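Inspection log for the structure reproduced underneath, given as structure tokens.
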Amino acid sequence: MSKSDKLQDLNSLNPADVTICETTQKMLAKAHRDGVETAFDRAANMKACPIGEKSACCKHCAMGPCRLNAKDPYSKVGVCGATIDTIQSRNFARMVASGTASHTDHGMEMLNLFKGVVSGHIKDYEISDTEKLIQVAGELGIATEDREVLDIARDLCAEMEKTYTQIEGELPFIKRAPKKTQEMWREAGVVPRGAMREIMEITTRTHMGMDQDHTNLIKQINRTALADGWGGSMVATEIGDMLFGTPYPVVGEVNMGVLKEDEVNIIIHGHEPNLFDSMLASVNDPELIAKAQASGAKGINLVGMCCSGLEMLSRRGVPHAGNFMSTEAILVTGAVDAMAVDVQCIKQGLAKVADCYGTKLFTTNPRAHIEGVPHIEFEEDYPRECTDTVVEMAIKRYAGRTAPIDIPKRKDKGVFGFSHEYINYMLGGTFRGSYTPLNDNIINGRIRGVAGVVGCTNPRVKQDYVHVELVKELIKNDILVVQTGCSQISLAKAGLLTPEAAHLAGPGLAEVCETVGMPPVLGLGACVDNSRILTAVCNMVAAGGLGDSIADLPVAGAAPEWMSEKAIAIGQYFVASGVYTIFGVTFPIVEQTKFYKLMFEDLEKQGMGKWDFAVDPHDMAAKMIAHIEKKRAALGLDKDKERVLVGMDDRRAIEA
Ligand code: NFS
Ligand code: SF4
């Protein structure tokens with residue numbers, strides 16, 4: 001294609017059609033003028049394969065690949081005889097395996113770091129929340145009284161390591177779930193042993209000629225997914241809190257306007273908080289600041305993107321420049337002097353865009369190199385070697401900036417860092433920290449229920465639009481929304497993570513928000529922090545009055561713009577834990593099959609949650625609300641629609 005053809009091709013895509021993010025729109029328009037392509041353009045030019053989209057093909061052996069008919073799914077089988085249900089369930093299982101492996105690997109890295117800190121050979125990090133450490137140790141049955149913190153921590157390391165390496169037995173954090181939920185899992189035979197074992201087993205069971213009954217494979221799908229939510233992800237969150245601090249609400253800035261024209265701009269994009277934490281130390285090093293100033297810059301400006309950015313935003317108030325679908329667009333500003341990436345959700349396309357605008361792009365993790373991109377390995381024993389070098393390279397790039405700088409001015413504010421611990425405190429106060437006030441407000445109907453709206457952005461749908469419309473609709477209907485991952489940046493840019501957004505909520509939720517001074521949408525952190533939602537729902541069950549398993553609660557989950565296999569693993573562990581979970585964009589299952597019926601109907605009959613699917617945010621909201629109302633009715637909460645406070649007698653009755 002000639003350059004002018006290419007420009008014409010790029011210009012045929014209207015930025016306003018593919019994203020509602022104003023700054024991303026501006027940068028896409030500039031990219032088109034500059035002849036630079038992004039994932040938005042590639043998505044427009046790459047039609048999704050209709051058979052693959054529905055997961056109706058298999059390439060698990062060389063007798064295939066086999067393509068079945070997504071429109072008439074039982075008309076054909078694979079060469080080996082595999083039916084549509086076998087093929088779809090195996091494909092789904094492999095997505096769960098990969099997603100679980102990602103969170104598990106991340107959690108294991110965090111455990112290694114924690115072990116290094118506890119043993120004393122890693123010196124650049126320290127335990128910063130001993131209270132949390134003691135509380136988690138106690139929860140896992142480790143003696144804590146009259147013991148040194150490091151002593152407790154050593155036992156805790158050994159206990160948490162079981163999450164990954166245990167061959168037989170139950171994952172340590174399974175204990176955290178409500179009794180009835182645990183019993184349901186045991187009955188279904190899905191309590192995970194160790195995550196490594198589950199991932200190994202799911203991989204072998206999906207090999208050609210292995211598990212060819214979707215009703216049996218689903219057990220391993222659930223077991224593996226649960227090893228993510230109650231294992232890899234939960235450990236990552238808990239260790240993150242112990243090392244870097246449990247989040248409490250902090251006002252933060254988001255959007256591309258956080259870049260500064262007269263400073264050295266560095267972006268950290270990825271998932272592991274250790275790289276980010278060390279980079280924070282580097283950019284605050286007086287020597288490096290002096291170097292930056294000597295090169296003419298006013299200072300060094302560090303900002304985050306995607307999930308580790310969310311962890312640092314929640315814990316330290318570090319500004320956040322945007323979510324997954326803005327990572328290429330932001331380089332078009334020309335203002336990014338360096339971008340360092342670690343693991344997960346790093347588009348290979350970044351390399352080319354960075355090259356066009358002279359941004360220094362670096363990979364840092366041995367698991368995730370990109371061809372042609374310089375690699376500076378990050379080592380926890382000497383973390384500053386990597387991060388200082390990145391800063392030096394960024395300063396060099398600043399001094400030699402040639403690309404014109406065009407930073408969209410927009411910055412939005414939000415409140416971030418609602419850990420489940422803080423929600424406890426916020427609602428109950430220091431003396432009476434508990435989830436009882438939340439439950440009371442759900443019981444009296446001021447709040448109808450709680451929805452988790454989480455996950456990615458995806459160029460197959462208009463960026464941020466589905467997230468924002470869905471959340472607006474939910475809060476308007478008095479449903480409190482909790483968020484993690486890229487979704488929370490979509491809502492922050494729309495201004496919904498502020499207490500002032502309470503006026504967009506229905507009268508009941510607005511009243512609660514105004515009384516407590518909280519936003520109607522609570523940001524809980526990165527995708528691994530979906531485990532905070534699991535812990536929060538456990539606390540809701542424990543506070544009483546809303547049934548005795550997670551499946552009884554009037555709650556629902558959604559990933560309206562999902563794209564990654566991690567999102568599928570997360571969705572599956574919510575379903576297996578008892579939560580109704582709805583996804584947007586597309587769903588990798590052919591309807592009218594037995595596997596579809598199993599996932600979308602039958603799991604619920606076993607006491608779990610179920611999957612659902614809708615593309616339109618209003619349809620999605622209607623389905624979530626209907627589910628929440630169904631759960632309210634089952635709890636007998638639909639009879640009393642009057643908004644009366646639960647009195648002391650009622651509370652005693654609930655507690656009894
Ligand atoms: Ni979650 Fe974080 Fe974002 Fe999706 Fe990717 S960054 S782990 S997978 S795209 S929410
Ligand atoms: Fe085809 Fe069966 Fe081989 Fe899959 S495992 S590629 S369905 S022959």
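Placed from the backbone N, Cα and C atoms, the Cβ positions cover glycine too.
Per TrEMBL, the candidate among Cys49, Cys80 that belongs to the [4Fe-4S] cluster 2 site alongside Cys58, Cys61, Cys66 is Cys80. Listed by TrEMBL as binding [Ni-4Fe-4S] cluster are His271, Cys307, Cys345, Cys456, Cys486; the candidate from Cys386, Cys513, Cys527 that the record includes in that site is Cys527. Between the alpha carbons (Cα) of His271 ([Ni-4Fe-4S] cluster binding site) and Cys66 ([4Fe-4S] cluster 2 binding site) lies a span of roughly 36 Å.
Ranking the binding-site residues Cys49, Cys61, Cys80, Cys307, Cys345 by other CB atoms within 10 A of the CB puts Cys49 at the bottom. Closest to Cys456 ([Ni-4Fe-4S] cluster binding site) in space, going by CA atoms and restricting to the binding-site residues Cys49, Cys57, Cys58, Cys80, is Cys49. In sequence order, His103, Ser233, His271, Cys307, Val454, Gly455, Thr484, Gly485, Lys566, Ala567, Ile570 are the residues near Cys527 ([Ni-4Fe-4S] cluster binding site), counting only same-chain partners six or more apart with C-beta under 8 A. With respect to Cys49 ([4Fe-4S] cluster 1 binding site), the closest of these binding-site residues in Cα terms is Cys58, chosen from Cys58, Cys61, Cys486. Ligand 1 lies within reach of Cys456, Cys527 from the binding-site residues Cys66, Cys456, Cys527, judged by a C-beta closer than 6 angstroms to any of its atoms. For ligand 2, the nearby binding-site residues are Cys58, Cys66, Cys80; that is, of Cys57, Cys58, Cys66, Cys80, these have a C-beta under 6 Å from one of its atoms. Of Cys57, Cys61, Cys66, Cys80, all annotated as binding-site residues, the residue with the shortest Cα distance to Cys345 ([Ni-4Fe-4S] cluster binding site) is Cys57. With a cut-off of 8 Å between Cβ atoms, the residues of this chain six or more beyond the transmembrane segment (570-590) that come close are 48, 53-56, 70, 73, 84, 88, 91-92, 95-96, 99, 177, 181, 184-185, 190, 221-222, 225-226, 228-230, 233, 452, 454-455, 458, 460-461, 466, 527, 530, 534, 537, 549-553, 555-563, 596, 599, 603-604, 607-615, 617, 620, 623-624, 627.
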